[in-house]
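Student: Encoded as structure tokens, here's the structure I'll be asking about.
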Amino acid sequence: MLARQHPISSDILTSEKIHTDITQTIGNTPLVRLSRIIENYQLDCDLVAKVEYFNPAGSVKDRPALAMIDALMASDNFNQDTHIIEATSGNNGVACAWICAIRKIPLTIVIPEHMSIERRKLIRLYGAEVITTPKELGTKGAIDHAAMLVAQRKNAVSLNQFSNQANVDTHFNTTAQELWRDSGGHIDVFVAGVGTGGTITGIAKALKTLNPNIQIVAVEPSACPVLSAGKSGVHKIQGLSSGHIPDILDVKLIDQIETVTDDDAVEHARMLAKSEGIPVGISSGAAVCAAIRLAQQPNYKGKRIVTLFADTAERYFSTDLFSEYE
């Protein structure tokens, strides 16, 4: 039976709502209850996630990329000849390439060679140059190489996302405020992966200002437990742990650290797609794995655990996430 059609009322025609720039659509991403996971795991607490791949360029990095580029353009370090050179594990590179295409700013992205080909192709699609660095050097190798290029090239600057305060401020001013608003101010635990540290630091700082009792849980790879064990190593959870403690990460805000294996991160990302219909990347699989682990403990009964999904599975076709589906 066809659905009944209703005529469009002229009452809805108040004023035009047309964005003049696609960057104006960043933010206000949905907060979603993971109802099927709660049921399947028989959890005695609430589990919700902020789905950041609803941002226009597809990841949580849209927010800091815009903030950092806006800050640069407003500074004395920017002119018509400025060329940005930035090290990234991928999502920040995509977001920066997207914004630089709009703003007509030359961009070079330095990225470890083992990061997904999808990221590199997207960066090139937006017109940016891509330089890869050896896998064994990790993200730190990309950071060092980008710094060398900035020193060599005239008019070159780096956003330095690992030390840029705008990275933290945008999450304090937007992401955290949205979380508080959409949760009705009811958050007991916030769980997030640590990459640059901007997301967890900005959100934790804001949430603890609103409620000092909120527990902040950081997630890092078992193969690269920099925060929990002071050890660096190569891992497959793209976007997490660069092998060093970033300058902007405020470790004093972190109450607990959970480590997740590469395999568990992949398994939980697949599970999210099949159970909730939410196709996320590997770092989001790690985040939900840690959140479920907490939710299964008796002391979290009746609490609300909130996590964040950084990006979409569509950036991982060439990785282990899709190895079973070839």
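Every residue, even glycine, has its Cβ placed from backbone N, Cα and C.
From a predicted model like this one, the values you see are computed outputs, not experimental measurements.
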Student: Just to be sure I read the record right: Gly195, Thr196, Gly197, Gly198, Thr199, Ser283 are listed as binding pyridoxal 5'-phosphate in TrEMBL. Which of Asn79, Asn91, Asn155, Asn173 is listed for the same site?
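Tutor: Only hit among Asn79, Asn91, Asn155, Asn173 in TrEMBL's pyridoxal 5'-phosphate site, alongside Gly195, Thr196, Gly197, Gly198, Thr199, Ser283: Asn91.
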Student: What binding-site residues in the list Gly195, Gly197, Thr199, Ser283 lie within 10 angstroms of Lys61 (N6-(pyridoxal phosphate)lysine), counting C-alpha atoms?
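Tutor: Checking Cα-Cα distances against Lys61 (N6-(pyridoxal phosphate)lysine), the binding-site residues within 10 Å turn out to be Thr199.
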Student: Give the sequence-ordered list of residues that share a chain with Asn91 (pyridoxal 5'-phosphate binding site), lie 6 or more positions from it, and have CB atoms under 8 Å from its CB.
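Tutor: Within the chain, Asn91 (pyridoxal 5'-phosphate binding site) has Cβ neighbours under 8 Å at Gly58, Ser59, Val60, Lys61, Arg119, Gly239, Ala310, Asp311, Arg315.
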Student: Near Ser283 (pyridoxal 5'-phosphate binding site), which residues of its chain come within a Cβ-Cβ distance under 8 Å, counting only those 6 or more away in sequence?
Tutor: Gly193, Gly195, Ile237, Gln238, Gly239, Leu240, Ala265, Ala310, Asp311
